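These features come from Swiss-Prot:
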TRANSMEM  17-37  transmembrane segment
TRANSMEM  54-74  transmembrane segment
TRANSMEM  91-111  transmembrane segment
TRANSMEM  140-160  transmembrane segment
TRANSMEM  173-193  transmembrane segment
TRANSMEM  212-232  transmembrane segment
TRANSMEM  240-260  transmembrane segment
TRANSMEM  274-294  transmembrane segment
TRANSMEM  311-331  transmembrane segment
TRANSMEM  338-358  transmembrane segment
Amino acid sequence: MSSVPAPREYFLDSIRAWLMLLGIPFHISLIYSTHSWHVNSATPSWWLTLFNDFIHAFRMQVFFVISGYFSYMLFLRYPLKRWWKVRVERVGIPMLTAIPLLTLPQFILLQYVKEKTENWPTLSAYEKYNTLAWELISHLWFLLVLVILTTVSIGIFTWFQKRQETSKPRPAAISLAKLSLIFFLLGVAYAAIRRIIFIVYPAILSDGMFNFIVMQTLFYVPFFILGALAFIHPDLKARFTTPSRGCTLGAAVAFIAYLLNQRYGSGDAWMYETESVITMVMGLWMVNVVFSLGHRLLNFQSARVTYFVNASLFIYLVHHPLTLFFGAYITPHISSNLIGFLCGLIFVMGIALILYEIHLRIPLLKFLFSGKPPVKQESRAAIG
């Protein structure tokens with residue numbers, strides 16, 4: 001355990017917050033995209049589809065790198081049991097709170113919007129369970145994955161710490177080219193695992209809990225570990241905060257490949273396996289693009305930025321049902337996709353900020369949506 005706090009990484013705090021907030025335009029643009037979602041506009045927009053695909057291709061990979069970075073930083077600061085307890089509470093309590101307060105009402109809303117209420121009694125017990133798994137976890141899936149990664153990383157982080165204590169500090173002698181090869185091979189390995197599952201027991205890939213607990217965790221664990229390694233090796237972090245033309249061009253080419261795979265790939269063939277390889281390497285390259293831009297533009301302290309850093313998780317949690325409400329009841333009355341998209345941003349962000357301010361004034365809600373217990377103020381009054 002280290003008693004010396006690490007310097008504040010303002011740009012990483014900011015990037016993490018903006019990646020969370022990108023979930024709002026991501027889901028609103030999904031309404032107007034060619035992708036089939038819970039609610040869609042009458043006519044899709046090609047440019048909002050492109051915008052949606054771009055966000056989807058890299059956002060969570062970069063997010064999990066930052067999560068791994070801060071997780072290991074806190075691992076060195078706290079005793080093991082306290083570290084695990086704090087980390088799990090910070091993500092687990094908001095997730096468990098959001099299920100009854102947000103995703104359950106959202107599920108009920110969608111049942112009426114999609115006129116599925118009459119079909120519910122006809123479903124089998126497993127179909128009901130699986131439907132609830134998908135719908136109640138919903139956009140909270142990354143919190144569940146973070147709980148799993150935090151638990152799994154206990155052994156990995158302990159091993160990293162012992163290596164740091166027993167060996168002399170040395171540079172992480174690995175270039176971005178070598179990292180790209182490693183992540184390409186990791187993408188191929190993930191694709192192979194998925195293909196084997198598809199051949200042996202394809203039905204399990206449609207199981208919500210299996211998807212969240214196994215498949216999503218397997219895909220994002222390399223990015224989580226990479227974040228921890230970036231904290232351990234400052235030279236590795238420097239590779240990500242230094243602009244790389246190769247990474248920028250590589251990410252652009254990977255995104256084109258991603259779009260072509262979306263356009264011409266088939267789910268019954270190799271589309272999902274190909275996508276996993278593409279998004280694995282694109283995610284790595286976008287870490288460089290996002291970190292270098294963030295380091296140059298966001299590495300400063302600002303009260304306004306700090307406000308959104310603190311508010312980002314709450315806003316992300318509440319934005320999803322607000323977006324679905326907007327798509328179901330307001331989108332049909334707006335003929336222009338552009339105007340609808342902009343109105344959606346204003347509607348969702350405006351209400352989310354109002355709800356955020358309200359919840360700050362209710363201690364129980366503030367605890368439930370942050371996982372942070374209230375700080376006890378010691379009385380300064382003197383007796384006698």
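Cβ atoms here come from the backbone N, Cα and C positions, even for glycine.
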*Take the transmembrane segment (240-260) and find every residue of the same chain, 6 or more past its ends, with a Cβ under 8 Å from one of its Cβ atoms.*
50, 53-54, 57-58, 176-177, 180, 230, 275, 278-279, 281-282, 284-289, 291-293, 295-296
*Does the transmembrane segment (274-294) come near the transmembrane segment (17-37), with 3+ Cβ pairs under 8 Å (pairs 6 or more apart)?*
no
*What residues in the same chain, six or more past the boundaries of the transmembrane segment (54-74), come closer than 8 Å to it by Cβ-Cβ distance?*
6, 9, 12, 15-16, 19-20, 22-23, 25-26, 29, 83, 86-87, 142, 145-146, 149-150, 153, 157, 160, 220, 223-228, 230-232, 237, 251, 254-255, 258, 278-280, 282-284, 286-287, 290-291
